[in-house]
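Listed in Swiss-Prot for this protein:
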- 194, 275: Fe cation binding site (BINDING)
């Protein structure tokens, strides 16, 4: 029997090509037009998106991107590229490509590169530790849609998530412990996950449970009393209720409860990006300090840390034999 030619497709959400209103508008238009992300009827949503949201939000969001943009580009893309490079170096016998669900480098090009190299078994690795219909399932949809254009399809191994994987929890633990060594133990350790509308969970998305699974596993490994480790949700958008407790409201309330020193980690983000570097590290830090807090430390995403690359390699190798 002919041996399969293996390939790995790493996928993250995406980013604008530049911190400009025009580039941000293109990116947001693609992102917010995905029915997995916003499931409102297109007849209602698209006029609102194109007529109101994009013209108003694009300049505002562009300024936020400018505040975190790196010399090499968008933080999310920079760190994702580093992850791709590090994983490829671990597995030189297997081609590894990076594609973004929205923006560049795009998924069609990444898949085309892999298939052009003769890949017959494709491992799809969405860089989302906790499954959600709005992220992981959107990757599944996109890959299936792209492959409709090919006559010869590869077999596919899809990594749904890795919320409780021992190597993932170990990497998070190392990050937290490093922060404790640098800054001392805080009054509270906050685990902030990206939120989703409550309605999505009520319709069957198990994302909240997967966030709780990660939090429970991490609590068991951290040298803090369980009651000093909190789980919250950030980045809500729109008017409908999202998962609670909200990160910003929680941080605002903590100083009045005698909590003066917090450290915050975002376990659901595999790479630092606008939501971690600007929303959390800057905006939410100011919220906490303005409310009377005294010390706030943001614990960076796993990015291209060795422990994170160990995890990604183990995930891929586990699925190569499936």
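Cβ atoms here come from the backbone N, Cα and C positions, even for glycine.
Around the Cβ of residue 275 (Fe cation binding site), a 10 Å sphere holds 20 further Cβ atoms from the protein chains shown. Within 10 Å of the C-beta of residue 194 (Fe cation binding site) we count 25 further C-beta atoms, all protein chains included. Under the DSSP three-state reduction, residue 275 (Fe cation binding site) is assigned to helix.
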